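Taken from Swiss-Prot as is:
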SIGNAL    1-19  signal peptide
DISULFID  Cys44-Cys265  disulfide bond
BINDING   His110, His113, Asp120, His211  Zn(2+) 1 binding site
BINDING   Asp147, His150  Zn(2+) 2 binding site
DISULFID  Cys187-Cys235  disulfide bond
DISULFID  Cys216-Cys223  disulfide bond
REGION    227-274  region 'Disordered'
Amino acid sequence: MNKTAIALLALLASSASLAATPWQKITQPVPGSAQSIGSFSNGCIVGADTLPIQSEHYQVMRTDQRRYFGHPDLVMFIQRLSSQVSNLGMGTVLIGDMGMPAGGRFNGGHASHQTGLDVDIFLQLPKTRWTSAQLLRPQALDLVSRDGKHVVSTLWKPEIFSLIKLAAQDKDVTRIFVNPAIKQQLCLDAGTDRDWLRKVRPWFQHRAHMHVRLRCPADSLECEDQPLPPPGDGCGAELQSWFEPPKPGTTKPEKKTPPPLPPSCQALLDEHVI
């Protein structure tokens, strides 16, 4: 499937339910031992943790949206990464969307983030902590040129390279999605230490943030992991294909309805949503 078709499918998936979804009616985590259920784009979570809003190492954006819930492994990853960043004097980590209290489908903006194992992190590290007003209405820093072929040199900082590398080297991380131009710059800057680049995957948009995805926890038996990324650093022909013009004759895919929920997620909805 060509890149344009994939982009359209992703857009349709993320906007298939712009009306409020039943998952938004669940305002607190579902009690129980932490269990990520289903796939990243069709699942839910029992026993989610709440990311502490107050931290000296990170700040949480758009708290009014209440998307700061996730599997305990995700909360620990955020705390671990932000502590590393702080200890290196790199700045404050800005945390975007995680998931809703019980996971599940958003009403727009995300096709994934459903099992409590995804988090968006801004690709900027302010030295001065943001105000409450800035956090509620954050201003993203677009690192990619208008033509989409490279990063803006005046905005690309060594600290951003280090932030992505630190995240990719974490034992629980399986994928990090960034814009192809950002992946390209990482390839240029990486030097001989390149194993971590395998986890960094080019994807549409993602011009101002990285989308970090964790592996399924070992005790979440109903969690569906993705296959591992292809071997290698991903800096060759695969990456360059993202910069090629779309092939002629590309057609818009038909709008698809969301797939059925995993049975455990449907049972959760039936029990907790009136």
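Using the three backbone atoms N, Cα and C, a Cβ is placed for every residue, glycine included.
Overlay of Swiss-Prot annotations on the structure.
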residue : record                : Cβ within 10 Å
His110  : Zn(2+) 1 binding site : 20
His113  : Zn(2+) 1 binding site : 28
Asp147  : Zn(2+) 2 binding site : 8
His150  : Zn(2+) 2 binding site : 17
Cys187  : disulfide bond        : 16
His211  : Zn(2+) 1 binding site : 21
Cys216  : disulfide bond        : 21
Cys223  : disulfide bond        : 23
Cys235  : disulfide bond        : 18
Cys265  : disulfide bond        : 25
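Geometry remark: Asp120 (Zn(2+) 1 binding site) versus Cys265 (disulfide bond), CA distance 23 Å.
Straight-line distance linking the Cα atoms of His110 (Zn(2+) 1 binding site) and Cys265 (disulfide bond), rounded to a whole number, equals 18 Å. The CA atom of Cys44 (disulfide bond) is located 36 Å away from the CA atom of His150 (Zn(2+) 2 binding site). Distance noted between the C-alpha atoms of His150 (Zn(2+) 2 binding site) and His113 (Zn(2+) 1 binding site) is 27 Å. In the three-state DSSP reading, Asp120 (Zn(2+) 1 binding site) counts as strand. Taking the C-alpha atom of Cys265 (disulfide bond) as reference, the shortest distance to any of the binding-site residues His113, Asp147, His211 belongs to His113.
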